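TrEMBL lists 3-226 with the feature domain 'tRNA methyltransferase TRMD/TRM10-type'. The feature S-adenosyl-L-methionine binding site is assigned by TrEMBL to 111, 135, 136, 137, 138, 139, 140.
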Ligand SMILES: Nc1ccccc1-c1cnco1
């Protein structure tokens, strides 16, 4: 059963990259099907408007619920998971990507402006799995880029999508913390040499060096990932 993904957005062109590379191959292989829907196709007024001023005042505009209700109703089944990218959401992570990769149907509601009228979440929550997700603590102009990131992170975990499952094994067995630095040919580049140990063929020494480098890098860049932190 392929994973079906429906993306609803006012910027369908944002999702052209999903036709390229790994994501494109995943679709050609039949493991995943991705459909992009223009929210404005689900409006009923002459101006195809999708937003209005916020109740309670405040800056910016809020996306009105009805076009979203029409658009989601057009694709939703009782097997659907509705994902709403929002800075107010739970933090997306590799474990969440793995969960999404094993779903049947994902609907991404890409909001712009100050967000989508909260009643859209409230309406579908009793009916299907609804997840408000953030990809990090920074402000984007909308949910489209967050959706691209979540789709790529999840689809690559769909069994069969990655040609070499070995890379998933290494990822899953990865030591806590960040990856060690990587090198390839040439052995010397602009006067800089590849660390000797990597050319030695001593696999135990290489593994030790890589573990040390991971710890050094994690301590410097991501102390929050160190064990016991
Ligand atoms: N900043 C945003 C604005 C609109 C929709 C999502 C986001 C978001 C998602 N993850 C981080 O930010």
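In case you wondered, yes, glycine gets a Cβ from its N, Cα and C as well.
Because TrEMBL annotations are produced automatically, they should be read as predictions rather than curated entries.
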Worksheet, complete the sentence: Out of 111, 136, the listed binding-site residues, fewest other Cβ atoms within 10 Å surround the Cβ of 136
Worksheet entry | Recorded S-adenosyl-L-methionine binding residues, 111, 135, 136, 137, 138, 139, 140 - maximal Cα separation rounded to whole Å | 17
Fill in: List of residues, in chain order, with Cβ under 8 A from that of residue 137 (S-adenosyl-L-methionine binding site) and at least 6 apart
87
Fill in: Site with most surrounding Cβ atoms, counting all protein chains shown within 10 Å, from the binding-site residues 135, 139, 140
135
Item to complete: Could you tally the C-beta atoms, other than its own, that fall within 10 angstroms of the C-beta of residue 138 (S-adenosyl-L-methionine binding site)?
Response: 7
Response to the item:
Simplified to three states, DSSP reports residue 138 (S-adenosyl-L-methionine binding site) as coil
